[in-house]
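K.L.:
Sharing the record's features from TrEMBL:
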TRANSMEM  12-30  transmembrane segment
TRANSMEM  50-68  transmembrane segment
TRANSMEM  121-143  transmembrane segment
TRANSMEM  155-177  transmembrane segment
TRANSMEM  198-222  transmembrane segment
TRANSMEM  234-256  transmembrane segment
TRANSMEM  277-303  transmembrane segment
Amino acid sequence: MSIKSIKKISTFAFLLLAFSFFVYYIFVNYKNLPQIHWNSISLFGSIGSVFLYSLNILAGGLIWHVLLRDYGVTISVKESIHIVCLAQFGKYLPGNVGQHIGRVAIANEKKIPAAITLQTILMESILLAVIGISISLVGFFAYEFANLNDSRGFILQMVVICLGALFLPKILILLANKFAKGKLEKLAGGNPLRIPNFSALSIAALLYVFTFVNLGIILDIIAKTIFQYSESNIFFLTTAFAWSWILGYLAPGAPAGLGVREAVIIASLSSKYDPGIAIGLSIVLRFITTIGDGAVFLVALAFKNRSFLKS
């Protein structure tokens, strides 16, 4: 059996295991699912959550713009955000890489070299992985040794995360260029992976920290407005989502991390939340993010040929 076949079988087994856990956990705890009472508060919470999630996609477009400018590409902020919004829905295609392929194709129409687009996407992936893992690790140790209700502890945790977000990617890229130069050049369109300057790296890293914390805020809003669960904690939710996002993002073949992300977030939340609340949060979050992705895509599609994008 070839290595390629082994990888395919391993990937399928991993996805099947994660999805099976998700389905089994729902089946076992179905009776514990909290009832949703739709009213003005829960409706406002749902709409607000979709809006906040949309900010993450806009932040992704801004990050791409910052990296493109650092690589010498002249493009407006509006166009950068528009391309990312159009490509975003591609992540629901099998393979979990549709959004990247779509961005390369759309960017190529705008005369942005594919090699530079690939470099920026690879840089984004490295930044996301480092920041997500940093948040997860800091959160893990915080729950073991600190009181998260202490505002000083929260500030300290955020400082550690931001410092890690600023410096770890630079170190990782230096090591990657040294020990995996051939593979990186293949992924980056035949060019060595170049480290962005400090200002570009700082802006991108801090914006990614914002996106993770924003997802924690969204989960907190869902818990408090839709499930009337007042004992939620934003930083714990941010940490739990970071773990689930990293595994879902890195899982090859899973459209938008489907199944993997839910399984991990349920397992993470169940350590602090009732099983029913954990399931409810994971399911509603999936609806919120899917609706947000679709809404942003439709708005971007509607403005595709509008002249204001070039201004």
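Each Cβ is built from the backbone N, Cα and C atoms, and glycine gets one as well.
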K.L.:
For the transmembrane segment (198-222), what are the same-chain contacts with Cβ under 8 Å, counting residues 6+ beyond its ends?
P.N.:
45-46, 48-49, 52-53, 55-56, 59-60, 62-63, 66-67, 69-70, 123-124, 127-128, 131-132, 135, 158, 161-162, 165-166, 169-170, 232-242, 245, 281, 284-285, 288
K.L.:
Who are the chain neighbours of the transmembrane segment (50-68) in space, where the CB to CB distance is under 8 Å and they lie at least 6 residues beyond its ends?
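P.N.:
Contacts with the transmembrane segment (50-68): 75, 77, 80-85, 88, 103, 112, 116, 120, 123-124, 196, 200, 203-204, 207-208, 210-211, 214-215, 217-218, 221, 288-289, 291-293, 295-296.
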